[in-house]
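Chemist: What TrEMBL lists as transmembrane segment is 40-57, 77-96, 204-221, 241-264, 271-296, 316-337, 344-361, 381-405, 417-437, 478-494. The annotation region 'Disordered' is assigned in TrEMBL to 505-529. Here TrEMBL flags 515-529 as compositional bias 'Basic and acidic residues'.
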Amino acid sequence: MEEVAMALTVREAATRFDRFQRAATELLIQAFAVPAVRRGMVGTALISLGGLSPAFLPDNSPWWKVLGLFRQYAWLWPGIGTVAALTGVLLVMDAWLKLRPRSGAPKVDFLAVLGLWSLPMLLAPPIFSHDSYAYAAEGYMLHTGLNPYEMGAGMLQNRWGEQVVETWRFTRAPYGPLSLQLSHLVVDASGLSPYWSSALGMRLLAIAGILAAALTVPSLARRLGVDPRSALWFGLVNPLVIAHLVGGAHNDAVMIGFVALALHAAVRRRFLLGCVLVAAAGAIKIPGILAIVPVALFAWPVLRPASGWWLRLWQAAWRVAVGTLVMVLAFTLITLASMPNGQGWGWLLAINVPGMVSTPSPPTMIGDLARLALNAMGEHVAALGAVRVARQIGMVLMVLTILYLLAKQGPKQPMKFLVLGWVALILGSPALHPWYFTWPATWFAFVRPSLRLVRIASWGSIALLSYSSVSFSWRNDALALGIAAAAVIAWVILSHDRRHFVERADGATAPPGRTRAEPEREKVGAVDD
């Protein structure tokens, strides 16, 4: 009887898988039939081709052997790669805006779009960042018994260390203990291949995080009264997410995946599981711990909400406090579990590593301007500490802003707190990179933004990816191409903005060249009645 029952179970599982396979194939075919989807797929293929240029390709990459077959055209390759990547960015942006859920837009399954647009990047080298090479080197350090929290990957003095960009080659790992353990797992699973663990292995890990978010966002959106299509369009099919989390294979995607799973558990009243998953997100990257606020409040709802603001704040505060305690205990267990490998709490000593280089964060830019002004006035001693003081002020303002948002938005709109809290953290931190904005972007639709705010956020996503494109061009000694491409992108997107982003009250798209301010009361994220 047991053998018969097992055979029936296996047969039922095979039938379900067959149905899933047929349904997935049909959705992919339907999505591929949409011109905008094909255009975006060509775009990601071109971005991947651009990744073969010198900008972010290590000197010891195996791709140089392939490119060596075209040695006589080597002087042209940086320019060709730059043009390919910039053209790809433009195509993806154009396709993304054409697919925005609205009246008259093509109906397409965004999960299928995400799969099709990610596919060309699967085997390509990481682009717009060197970080995944550092992840792999840190994983290999654990394999050899070295502690990435005590020394840099350059101490390896082999291919693993050499493929890490010089800026980070001798710095300690700033990531959480779970991030390093996953990197170790990827390195072992890749057969100790420096390139394939960095490109394919870390990218598959990032895609797993994105997939976790993609599968949970629709159901979470429906439970919270948000349009699932709008949530997927802005949060996961966003070119910023595709280019940086898939293309760049950043571990931010894994953090986002754990946050998505935590929220998914929370709306189903699974308090402990949600808090543990938030701890896992924080053990990848520390900003993930902000998700404890919506997780605690969703998982432990109040049966009789108070009427006064102070009472509502108290009701929220003690639930968040209990959730934070559970999260800290889970985080401690994760950290202790990593101690046999010599890691433990070493990440605390490396938490300032990202700020060791100058990035376009507001505090750093203000500090640089103050330094220039003080030097011009002859105050050279004061100028030496200008950036440090500006960053300290930025950190204080960041903490105060997050506390204000916690009191103002946390009790009634926890998802709004999460999104705005991450924005405050990003803008107030000493270091800022474009892919940091993928954290709030994933959950942007959950704040129920007006059409005007969606418009602004879309322009922001495009501006951030344009910045990455210009930086990419500069690294390929083709800055003029990057600036020209940014101008073309602005012109094309402005054309989109006039044709597709401004809608009349009846929902129809405004004619080309005619704009009309949309009513503020229109909420893009709201579910249609």
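Along the chain as shown, residues are numbered 1 onward.
The backbone N, Cα and C atoms fix where each Cβ goes, glycine too.
I'd like to know what surrounds each of these features in this structure.
Modeler: Distant neighbours of the transmembrane segment (77-96): 36-37, 39-40, 42-55, 67, 70, 117, 127, 233, 237-239, 242-243, 462, 465-466, 469, 472-473, 476-478, 481-482, 485, 488-489, 492-493, 496; these residues of the same chain sit at least 6 beyond its ends, with a Cβ under 8 Å from one of its Cβ atoms.
Long-range Cβ contacts of the transmembrane segment (204-221) within its own chain (Cβ-Cβ under 8 Å, at least 6 residues beyond either end) map to 111, 114, 118, 182, 186, 227-228, 230-232, 235-236, 241, 245-246, 249-251, 253-261, 263-264, 267, 442, 445-446, 525, 527.
Only residues 6 or more beyond the boundaries of the transmembrane segment (241-264), in the same chain, are considered here, and those with a CB under 8 A from a CB of the stretch are 44, 47-48, 51, 89, 92, 114, 117-118, 121, 124, 126-129, 131-132, 135, 175, 179, 182, 198-199, 202-203, 205-213, 216-217, 219-220, 235, 273-275, 277-278, 280-281, 284-285, 287-288, 291, 294-295, 298, 434-436, 438-439, 441-442, 465, 468.
Here the transmembrane segment (271-296) has Cβ contacts under 8 Å with residues 175-179, 182, 251-252, 254-256, 258-259, 261-263, 265, 319-320, 322-324, 326-328, 330-331, 334-335, 351, 402, 406, 410, 414-415, 417-418, 421-422, 425, 439 of the same chain, all six or more residues outside its ends.
For the transmembrane segment (344-361), same-chain residues at least 6 beyond its ends with a Cβ under 8 Å from one of its own Cβ atoms are 147-150, 167-168, 171-177, 286, 335-336, 338, 368, 387, 391, 394, 427, 429-433, 467.
Beyond the ends of the transmembrane segment (381-405), by six or more residues, the same chain brings 290, 355, 358, 361-364, 366-368, 370-372, 374-375, 417, 420-421, 424-425, 427-430 to within a C-beta distance below 8 angstroms of the stretch.
Counting only same-chain residues 6+ beyond the ends of the transmembrane segment (417-437), those with a CB under 8 A from a CB of the stretch are 128-129, 240, 244-245, 248, 250, 252, 287, 290-291, 293-294, 352, 354-355, 357, 359-364, 391, 394-395, 397-399, 401-402, 405-406, 409-410, 443-444, 446-447, 460-461, 464-465, 467-468.
Proximity of distant same-chain residues to the transmembrane segment (478-494), defined by a Cβ-Cβ separation under 8 Å and at least 6 residues beyond the stretch ends, is recorded for 78-79, 82-83, 86, 89-90, 93-94, 97, 459, 462, 466, 469-472.
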